Amino acid sequence: MGLKLQQSYHHSVTVKVNEQMGTKRGYTFIQANRAWLPKFFLLWVMVMAFLSTWIYKKMDADNKVRRKEVLSSMCDQRARMLQDQFSVSVNHVHALAILVSTFHYYKEPSAIDQETFAEYTARTAFERPLLSGVAYAERVVHSEREKFERQHGWTIKTMKREPSPIRDEYAPVIFSQETVSYIESLDMMSGEEDRENILRARATGKAVLTNPFRLLGSHHLGVVLTFPVYKSKLPPSPTEQERIEATAGIFASTDIYCIIVINTSNLVLLDQIQLPALLYLGGAFDVESLVENLLGQLAGNQAILVNVYDITNSSDHLIMYGHQNQDGDLALLHESKLDFGDPFRKHQMICRYHQKAPTSWTALTTAFLFFVICLLVGYILYGAAIHIVKVEDDFHEMEELKVRAEAADVAKSQFLATVSHEIRTPMNGILGMLALLLDTDLSSTQRDYAQTAQVCGKALITLINEVLDRAKIEAGKLELETVPFDLRSILDDVLSLFSEKSRNKGVELAVFVSDKVPEMVMGDPGRFRQIITNLVGNSVKFTERGHIFVKVHLAENPKPMEGPKAETCLNGGSDEDALVSGTRQFKTLSGYEAADERNSWDSFKHLVADEELQYDASVKMKAADEASQSVTLMVSVEDTGIGIPLIAQDRVFMPFMQADSSTSRNYGGTGIGLSITKCLVELMGGHISFISRPQVGSTFSFTTVFGRCKRASFSDTKKPNAEDLPSGFRGLKAVVVDGKPVRAAVTRYHLKRLGMLVEFANSIKIVASTCGKNGSSCGSKTQPDIVLVEKDSWLSGEDGGLSLRTLDRQQNGHVFKSPKMILLATNITNAELEKAKAAGFADTTIMKPLRASMVAACLQQVLGTGKKRQPGRGMLNGSSVLGSLLCGKKILVVDDNMVNRRVAAGALKKFGAAVECAESGKAALKLLQLPHSFDACFMDIQMPEMDGFEATRRIRMMESQANEKMNGGTEEGSIRTGEWHIPILAMTADVIHATYDECLKCGMDGYVSKPFEEENLYLAVSKFFKTKPISDS
Amino acid sequence: MDVVNQLQRQFIDYSASLHREGFLDDQFTQLQKLQDDNSPDFVVEVASLFFEDCEKLINNMARALEQQQGVDFKQVDASVHQLKGSSSSIGAMRVKDVCIAFRSFCEAQNREGCLRCLQQVTHEYSLLKNKLQTLFRLQQQILAAGGSIPVVE
């Protein structure tokens, strides 16, 4: 995410947030049309329903077309079959007619009689499956009737079986098939239909059909086929007239008609309907079987209904076969033309399906499935869209929450910043008052308390800053500063923070810094302090007895030489002594066992010894030091506390983790300290580790890399946080009486920082004897000025008090003033105190933990008021001192503000300085053109055009150019042995740290706060006016 | 000598009241201490410088704030800063306090607040000027009467 909100203000955050939202709300298509989604879905469903209906319809239509085709093909097939069978029958009847004409007319006498005909027709009946029977009628004109009747022996009868009335001509049946033998002797002309038929057949010479009609005595339909037989042979293409002539020509003799009776039931072969009867008379025929046979031959006969119509009269269709009104599918029918060879008659076959078209399940299923699938697809898409919308909504919501959380985070940081800023203001008041208090005449204890309060106050301010840093660390935005600082004084400060607590617990708190560690290092004092504070704080929290020991030495230290142990202990045999004491005494600071043996005396003494050696060759070492740019320090914090349980050891550095839940209950704390410490250590280029044994203690060690401080730069710019240790103790001799070598080394370390020469003694007796000896022989040379006695050593030796007195007495015997006796104690009861006073420690008791400044304060008190007023400390007569410092100096004051300028000038003049003023940076630059005669310059920072920083930078540039030139050329021209470097002091109203850093960065030497205060001014001025001669010399 | 004594007491009371009412603070005392035989008129000199400076700055600010729109707050701020520096140098506490408030309004670019502060500053300034002039008159009277100016602790 491109949110960069860290430290910006809240309103700007919200603005950014809004912008963010603006750009982020690039909705997707789906999101933009969310309201339309259900409608889309509905539309989809509707479209799909429509589509599936269409599919169904199309498939159904296909089905219908196919059905129609099937129907038409079936219908045509039936019509063709019927027609074929019909024409076969007609052909046969034709053949029969030729047979009759051949054997009846052309033979004389006739070769055929009724019997022959009957038999012949019966035997050839299979040839005429459609005909139920055939008969032959002869043409008889009225004039020949009698002759005919006589010849045959019967009279011509009408259809009604009555003797025929007189007519022009008759057509009595003479031969008949057996099946229709009952029509013999009937006059075919007597029936209207038949007569018409016969006449038409005679005229056309073709087979002719009657209308279908109901036969007498039955309701069956029938058709009569009439075929003419001519007596004479016809010309190849006879006209109609010729035909009539031919028949007429033979009319009198042979008036013969061939009467063919069509059994319509044979049509019914195609159907299952009841059979019609014969032409003139109904009769029982064996048609059933015939029908069955043909049914078997045709497939699909079950499915369709067949009707046959005579459509000669187009307005009135006569049904020949089938029922007029039937169920069945009336919607679909097929008509097929039938041609029975009679041009006069027209026939038609109409087929229908027996049942209505069945519902097309395939189409229905296909359409339905299609619909269902589409519905599902639609639903899936709809669901996906809904889901996308929901996810996007959630995403936006989350984003908003995230932005809000980040804003809250910023607000929190801001709150912290504000609050800590607010706390800082009153804290400044407290610190100021403490500073004032410290300037009053205080007893050493009061001074210590006040100093402690002041230091604690300072630490509190630092801690407040650290609260901010904690947030910074969490955000990974921590930047380390690189400023010179005094490691030792920081350690002292930290220790003093915890001194009260440790004293109450009876825990000994000590710090030791190897001599090889440079006095000033470049690094981040605040972070270093934070690390130490965290570690020591932890240790103090978890330690109830024993000691807490902070040790700093060079990590790049090659293993201490195992050469001669140049110990200056008065008693070198401390090892044996510890063993002699018998009890399980460990050679650690307090005698308790520590987790890490490295800090016990065995290894520690090598370190110390090493230092002793190197101390002599310090010049050489320092030269070597200058060579390398950085110095790696190894810091270890050892305690004899409860230790860390083994199972918890691997999560010690995880945030908010304590050894177990009971820990926070018993000891409080959040457990974030160590994780921050780890971060800081890693930021400083080191790493942290620890060794811990439950119920024995823990030792945290870490390495850290600091830059080496250029000697030249820090002699001029003594940092304010490097507290000035009084130098009045330089060269004093002290004897430390302590049975525990580590502790003795610590004490010596502090005394050495004050410039004192320190010796060890294992017990008071030894001191006494040594003093006695030396005192008499060598005099003051080895005479200790101060004897510091550890409380344990004093109490353990019963003879302590005695020997002290002896010591006193011996001293009194001499001219030399007696050494001051000082008791060192971690905690001391009143009774013990009394006893101590009685025993001769009248001078003072120094409470541990030792700090150089505190020791110095105590020593000042002990060694008399004369030294109490250290030049660095005593401010009360500051004016005169200031006067002496500034008298005759030429000082330039640069300030754009006239009033300020005047006031500053006035103040400086008061102290005897010659003051010149400049009202801008440019003017100052002009005045400071080299060579000039100014001794110092006070520079306002905030000035128009060119501010103090810029002006200083330019001045420094000028100077460095001049210096280069000077170094290149001869040195005689310059009055000063040193280089051009005018002390420039910033004058500023705000004295926050950042400004100070800025001052240093651009080459200033210090600052004084506006408005001038004497003390302030003195401190600033004294630094360079005093140090100058020192560094020059 | 009675007159001198009376004048001296009056002077002490007056400067004490000035301190009490917060017109002046220790810085002014410091200034007074700076005044010695070498520079007998130091305080007066500085004070008149201050008055000049003040009048100039107040005029500047008033001009800058007259604009209905587009007030150059930077310029106003610079002036206030100057004024604050001057006033703290001379120990004019009340003026300084108003300046602090003034600056915060400047930072917030609040014209209304600035105008209000300007008014206050002008008011405080004229008050202070009157008071100081009275004080200096007293001083002169003491000197004229042949007394020395008492040091107010």
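Placed from the backbone N, Cα and C atoms, the Cβ positions cover glycine too.
Computed from a predicted structure; not experimentally measured.
As recorded in TrEMBL:
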{"type": "DOMAIN", "residues": "A:108-350", "note": "domain 'CHASE'"}
{"type": "DOMAIN", "residues": "A:418-708", "note": "domain 'Histidine kinase'"}
{"type": "DOMAIN", "residues": "A:733-863", "note": "domain 'Response regulatory'"}
{"type": "DOMAIN", "residues": "A:890-1025", "note": "domain 'Response regulatory'"}
{"type": "MOD_RES", "residues": "A:Asp940", "note": "4-aspartylphosphate"}
{"type": "TRANSMEM", "residues": "A:36-56", "note": "transmembrane segment"}
{"type": "TRANSMEM", "residues": "A:361-382", "note": "transmembrane segment"}
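Averaged across the domain 'CHASE' (A:108-350), pLDDT for the predicted model comes to 64. Panel annotation: around the transmembrane segment (A:36-56), residues 30, 363-364, 366-368, 370-371, 374-375, 378-379, 381-382, 385-386, 389 of the same chain, lying at least six beyond its termini, place a Cβ under 8 Å from a Cβ of the stretch. Tertiary neighbourhood of the transmembrane segment (A:361-382): same-chain residues 37-38, 40-41, 44-45, 48-49, 51-53, 55-56, 59-60, 63, selected by CB-CB distance under 8 Å and a gap of 6+ residues from either end. Classification of the residue listed as '4-aspartylphosphate' by DSSP places it within a strand.
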